[in-house]
């Protein structure tokens, strides 16, 4: 990753040390003759400037491990948000998806994003746990003076609204949502209607391989 030193007041703000290493993790410092052979000079500060200007960012083993862990969790979260257990018709906790991924020895690819890898690993997970790519078809019934305001909150969580009807101020919606939005939808209907609203799971709409789901 190229850095513009002209933007930096002091090279010490960028570097932890001016020493050039052959192997940082082992603490092996480059010899003077190696520096001259590689860079044509032996001034380590000038060499550091050249590396910053033209070299590539070197990520430590610890940083790389942290990045892979984060990507692993992102993949699991994506799957938990978009898939359900077809036996219970409910989403899995992220922790359970992570365990299933470890059980199949899933290896994260750092050059691919979480959504792409989620699509890759779903078929593998199906061999070990009940899992379906699906959306949930719900019926939502809200009555009272808050119905119109809550309608907008509910609509924001839907993938699509199949039917919408009003009867004496009461709203009835049939909609599709991603499984990851179910708890939030349930919280809205239960808490903001003070228990008078209804949220009913009608069925699951399976997502076929030709459909784009992981938006």
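Along the chain as shown, residues are numbered 1 onward.
Just so you know, glycine gets a Cβ as well, placed from its N, Cα and C.
Bear in mind that TrEMBL entries carry predicted annotations, made automatically and left uncurated.
Look at TrEMBL and you will find 7-64 tagged as domain 'Ribosome maturation protein SDO1/SBDS N-terminal'.
According to TrEMBL, the feature domain 'Ribosome maturation protein SDO1/SBDS central' maps to 73-134.
Secondary structure of the domain 'Ribosome maturation protein SDO1/SBDS C-terminal' (136-204) per DSSP, as helix, strand and coil residue counts: 24 helix, 30 strand, 15 coil. Here TrEMBL flags 136-204 as domain 'Ribosome maturation protein SDO1/SBDS C-terminal'.
Per-residue pLDDT, averaged over the domain 'Ribosome maturation protein SDO1/SBDS central' (73-134), rounds to 91. Residues in the domain 'Ribosome maturation protein SDO1/SBDS central' (73-134) partition by DSSP class (helix H, G, I; strand E, B; coil) as 32 helix, 7 strand, 23 coil.
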